[in-house]
Amino acid sequence: MKQKPAFIPYAGAQFEPEEMLSKSAEYYQFMDHRRTVREFSNRAIPLEVIENIVMTASTAPSGAHKQPWTFVVVSDPQIKAKIRQAAEKEEFESYNGRMSNEWLEDLQPFGTDWHKPFLEIAPYLIVVFRKAYDVLPDGTQRKNYYVQESVGIACGFLLAAIHQAGLVALTHTPSPMNFLQKILQRPENERPFLLVPVGYPAEGAMVPDLQRKDKAAVMVVY
């Protein structure tokens, strides 16, 4: 017999139009100051802050509520050094043959290269893994759905939570990055999705002078 789904009353916040407009505008202005940062301070951060950030990310919606993600938090200097060494090896290959000339030209305004010192300087690395399937205690495999979309949304929540905490982050995607699965000893059903250094910005940190697309370029109303 099919089990009847359990439901509870929705208890989310609701606002009158004026307050709604004010809150949405304030949040937009706050998030518009979020920037990708590559110059980190090694200043310590309480682990509890990172835990809150990760748990916020875990509130993201997911296909069939499978929550197909694992957030691996790394602060151990030796492990961070291994990750940097492996990442720089892949990035060296990317910058010296794997990337197209067009790609390299698009990266020029950011001043990036294969050196990734932030992987050791930032106090925490959050490595996001996607889970193609879950493994039950008896070894049975249960498929997950819309894994890429679900984990991508969770990463958006993660970045917003990092900004909300007054910290900065970098979305780093060395390619390929299967070395993360090996270094962090993750099971076969998990694959690395995103590597996110988290911390305070270094004193005097600089970011590229960029402009975001305006409303007309990103929004269509019917």
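Glycine is no exception: its Cβ is also placed from the backbone N, Cα and C atoms.
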Glu91, Tyr95 bind 3-iodo-L-tyrosine per Swiss-Prot; candidate in Lys66, Lys116, Lys131 listed for that same site: Lys116
Cβ neighbours within the same chain of Ser62 (FMN binding site) - under 8 Å, at least six residues apart: Pro68, Trp69, Tyr146, Ser150, Ile153, Ala154
Least Cβ-crowded entry, counting other Cβ within 10 Å, from the binding-site residues listed as Arg34, Lys116, His172: Arg34
Residue pair Arg38 (FMN binding site), Glu91 (3-iodo-L-tyrosine binding site) - Cα distance, angstrom, rounded: 15
When distances run from the Cα of Tyr95 (3-iodo-L-tyrosine binding site) to each of the binding-site residues Arg34, Thr36, His172, Arg212, the nearest one: His172
Rounded inter-Cα distance in Å - Thr36 (FMN binding site), Glu91 (3-iodo-L-tyrosine binding site): 18
